[in-house]
Amino acid sequence: MLPVIVVHGGAGHVPKDRSDVSCVGVRDAVRAGYAILQAGGSAMDAVVETVTLLENNPAYNAGRGSALNVKGEVEMDALVMDGRTLASGSVSAVRGVANPIQLARLVMEKTNHLCLTAEGASKFARAMGVPEVPAESLITDYARMRWKKNLLPDANPVECQMGKMGTVGAVAVDKEGNTACATSTGGMLNQMEGRVGDTPCVGCGGYADNLIGAVSPTGHGEAIMKVTLSRLILFHMEQGQSPQEASDLALAYMKERVNGLGGVVVVDTKGTWAARFSSLQMAWAAAQQDQLHYGLYHGEDFIEPICV
Amino acid sequence: MKTAIVVHGGAWAIPDALAEASVAGVKSAVRTGHAVLENGGSALDAVEKAVRCLEDDPVFDAGHGAVLNTDGEVELDSIIMDGKTLATGAISSVRNIANPVSLARAVMEKTDHVMLTDRGANMFAERIGFPSVHDLVTEREREEWENYKKFSVGVKELFNLQCAHDTVGAVALDSLGNVACATSTGGIRNKMVGRVGDSPVIGSGGYADNRSGAVSCTGHGESILKVTLARLILFHMEQGKSATVAADSSLQYMRERVQGGGGAIVVSPTGEWAARFTTPRMAWASINGDILFYGLNPGEEFTETK
């Protein structure tokens, strides 16, 4: 059953032309992550590489293609967690880096801290020699169009956001049974400057623990935070629920208690995986035993072989 | 219905020179919070008022008296959570705000967001008319920081050497059965610019849910985050454990799994409460019924009439 990797490209409702691109992107990314795992690479390497690819792909709300804040600027959040030691690294409201997920990993590996925010995160990036990219290079025409649309007085950014969530994330278990998760996002459409969502918060925007499994969520960030969605799912798994049952229980609870929609990718330490969502769609893909699974709508699980 | 409130002034090796002032500070804060509850006020109001008291008291590392980061500046983190609706407000790395807990509450009540950080948090504060202050640094902290700069060691070492760390927090249950939590801190001395600890992170620095209880945490922030300490304690309570057993087993787990020390205060929806820690000391106080409980060293529980 090992290794295994599961990836999502955000929960929401996207128009067909964009959903096609989104589905291709997660399939390509999961193949790249699976190749790392098959070659004996670590779960941490696999999830970071996978999320890096999705950040570089302008179809997603992470890295290039991020949603813009109310001032039309990009501020990004990212989190990685290593299930072996519970070591984690995160950045919040960071600007001017192409791959926040790699910066989050550097926070984990090179500092005594877990989370660096805003200007402090940029300062750390400079100290680490991470190249600063022009703010403009992270902005797509699509993101700018959506930002302008939501500046209108009758706009509803939360509603519109469900049109394209596009947070990206991955969970994996490597051949040695180590788990890891990675999540990256540009945040919420037309968010206030400095708004931090669930993504960089341990237990909300992701959690990995070799004793249980790993989770990466997507959806309405404020709702995910209020129920600490990732830790909640793993808690249900600790109580004996399968990844799928645990995800469905937690997503239903989030809908009932705080009226929030979202989706998750989950693995347990044996390699059982799930990709579940309460939104209309979630682009996801999984790779295990040389097979690629993928889907967009509820109930879908298309399978094709992975040629290694 | 009976009310309950517990406050803490941070779990660490509080030096003897600060012991008396720390105990006096938590006792005064718990009385302030309790007075709110007695007048029919909400748990949310009570924890905010209690934490404001602790922020204003220069003996604690929150608001006035906060520690300095590596650039010699104060950056503050805070969270407040309403157990009735799970509504939450938090701020991280905010500057020049005397009462971060009240700004966190404004994030909860006046925005669609849960958390604001850094300059964005300060811009929000300015927009809603929060005064900017420039007197948060105490003489004692400036001296400690300068001493520290001379003998630079890592943060984990610093924590284990039992120097300066004292987040403050409060949890309460009001007469309508609602619980709430609030936590506020200046973080760890000589932290990197922009370091965010556990305090403003929901599920780590605090969590409140009418169905299970409320928790506020203190201690080594990075360790608390790794085990999502506040939420972990409440998971144990959902499984039927008492507040004391839930706090003890979670703190024990944190020590074993990630070698971190800390403390937590807990209140359950029925008014059962606990103040537990694995550090050498934690200043705490609680009012339950007509009795004020307080302590500083492990195993201590003094009582007096409120």
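Heads up, residue numbers simply count up from 1 along the chain you see.
Glycine is treated like the rest: Cβ placed from N, Cα and C.
Feature annotation from TrEMBL assigns active site, nucleophile to A:Thr167. Feature annotation from TrEMBL assigns substrate binding site to A:Arg195, A:Val196, A:Gly197, A:Asp198, A:Thr218, A:Gly219, A:His220, A:Gly221.
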> Including all protein chains displayed, how many Cβ atoms other than that of the residue listed as 'active site, nucleophile' lie within 10 Å of its Cβ?
Replying inline: 35
> How long is the line from the C-alpha of A:Asp198 (substrate binding site) to the C-alpha of A:Thr167 (active site, nucleophile), rounded to the nearest angstrom?
Replying inline: 11
> Which whole-number value in Å describes the distance between the Cα atoms of A:Gly219 (substrate binding site) and A:Thr167 (active site, nucleophile)?
Replying inline: 8
> Among the binding-site residues A:Arg195, A:Val196, A:Thr218, A:Gly219, which sit with their Cβ under 8 Å from a Cβ of chain B?
Replying inline: A:Arg195, A:Val196
> Which one of the binding-site residues (A:Gly219, A:Gly221) has its C-beta surrounded by the most other C-beta atoms within 10 angstroms?
Replying inline: A:Gly221
> Far apart in sequence but close in space: which same-chain residues, 6 or more away, have a Cβ under 8 Å from A:Arg195 (substrate binding site)?
Replying inline: A:Asn69, A:Glu75, A:Ala93, A:Gly187, A:Met188
> Looking at Cβ-Cβ distances, which residues of the chain lie under 8 angstroms from A:Gly197 (substrate binding site) while being 6 or more apart from it?
Replying inline: A:Asp77, A:Thr185, A:Gly187, A:Met188, A:Gln191, A:Gly205, A:Gly221, A:Glu222, A:Ile224, A:Met225
> Considering all pairs of residues in A:Arg195, A:Val196, A:Gly197, A:Asp198, A:Thr218, A:Gly219, A:His220, A:Gly221, annotated in the record as contacting substrate, what is the maximal C-alpha distance expressed in whole angstrom?
Replying inline: 16
>> At a 10 Å cut-off from the C-beta of A:Asp198 (substrate binding site), count the other C-beta atoms across all protein chains.
In response: 33
>> In whole Å, how far does the CA atom of A:Thr218 (substrate binding site) lie from that of A:Thr167 (active site, nucleophile)?
In response: 6
> Three states by DSSP: which one describes A:Gly221 (substrate binding site)?
Replying inline: helix
> Far apart in sequence but close in space: which same-chain residues, 6 or more away, have a Cβ under 8 Å from A:Val196 (substrate binding site)?
Replying inline: A:Asp77, A:Ser92, A:Ala93, A:Thr117, A:Gly187
